[in-house]
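Taken from Swiss-Prot as is:
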- 91, 105, 110, 130, 152, 153, 154, 181, 182, 196, 200, 315: carboxy-S-adenosyl-L-methionine binding site (BINDING)
C-alpha cells in the first residue's frame with residue numbers, strides 16, 4: 001500500500017501546513033474510489049522491491065544509485081523483473097544498481113536545456129505539475145532543492161516514483177501526489193513551479209497559467225515547457241482530431257504568443273530561454289517502452305511534419321516571475 005503519511009507529517013511543520021485542510025480528504029477519496037484496475041498489481045511490484053540504501057547516489061548528473069559491492073545475479077533479476085512490471089517507462093533514464101531503465105524520453109536532455117536558465121534551486125520548495133515518473137523531482141533535489149513535490153494523476157507514474165524512491169533509500173526529499181493542478185487550492189507556497197509538457201493538453205491554457213501562478217510565492221519563478229510552432233505573437237495552432245496521434249492537444253502557440261499569454265496573466269520578466277525540435281533520439285521506442293513513439297507519429301516522407309500534416313514537434317522553455 002502506498003501511503004502519504006510521511007508527507008503529511010513533513011508539511012505539518014512548514015509553510016505548506018495549510019494544505020492539510022484539504023489534501024488528506026482528497027487522497028482518502030482517491031484511495032476509496034478512483035484507483036486504476038491495475039493499481040494493486042503495480043503497487044505489489046513496489047512492495048516486493050527490496051528497500052536499498054545506495055552506497056553512491058548521484059542526483060546531480062543523473063539518477064544513479066550504486067551498491068558498494070555488485071548485486072548477485074538473483075538480486076538483479078528480481079529488481080529488473082519487478083521494475084518491468086511497471087512498464088511502460090516514459091520519463092527517465094534511471095540507473096539502479098546495474099539495472100538501467102532506458103525510458104522513452106531522454107528527460108535528462110530536457111533538464112540539461114532547462115537548468116542553465118533557472119534561478120539557483122538551493123533550499124527551494126518546488127512544485128512540478130504533470131511530473132510523470134518523477135525523474136525531474138530527483139534532479140531538482142540533486143540541484144539543491146529542499147523539497148520537490150510532484151503532482152500527476154496517472155497512477156502508474158506514482159508507482160514508478162515509489163519504486164525508484166524505495167531503491168534510493170526511501171528518500172523523503174521528493175514526493176508525488178496523484179492529483180491534477182485543478183485539485184490544488186491556491187497555496188502560494190512554492191519558490192519555483194515547473195509545468196513541462198502539460199499546457200497543450202489543457203482545454204483552457206490561460207486558466208492553467210493562472211493556476212500555476214496561484215501556487216507561487218511572490219517573486220517566485222515559473223518554468224514553462226511546452227510544444228510551440230513558428231510564428232509571431234498572434235500565431236496559434238488549434239489541431240483537428242489529433243496532433244502527432246495525440247487526441248488531447250488543444251492549443252499550440254508560437255513562443256512569442258506564449259510570452260504574451262504569460263504577460264496577460266500578470267507574470268513579469270518573461271523570457272524565451274530555449275526552443276528546439278524534438279528528435280527521434282530524444283523520444284523513441286525502447287525495451288522499457290515497446291509501443292509507438294515519435295518516429296511513428298511523423299510523416300515517413302517528410303520528417304518536418306506529423307502524420308496529420310502539422311509542423312513536427314518543437315518545444316520551448318519560457319521563464320517568468322510572479323510579482
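Heads up, the Cβ atoms here are built off N, Cα and C, so glycines get one too.
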Widest Cα span across the carboxy-S-adenosyl-L-methionine binders 91, 105, 110, 130, 152, 153, 154, 181, 182, 196, 200, 315, in Å? 26
Proximal but sequence-remote residues of the same chain as residue 200 (carboxy-S-adenosyl-L-methionine binding site) (Cβ under 8 Å, at least 6 apart): 226, 227, 243, 249, 250, 251, 252
Hey, does DSSP put residue 91 (carboxy-S-adenosyl-L-methionine binding site) in a helix, a strand, or just coil? strand
Within 10 Å of the Cβ of residue 91 (carboxy-S-adenosyl-L-methionine binding site), how many other Cβ atoms can you find? Include all protein chains, please. 25
Count, for each of the binding-site residues 110, 154, the other C-beta atoms lying within 10 angstroms of its own C-beta, and report the residue with the smallest count. 154
Given the binding-site residues 152, 182, which one has the fewest other C-beta atoms within 10 angstroms of its C-beta? 182
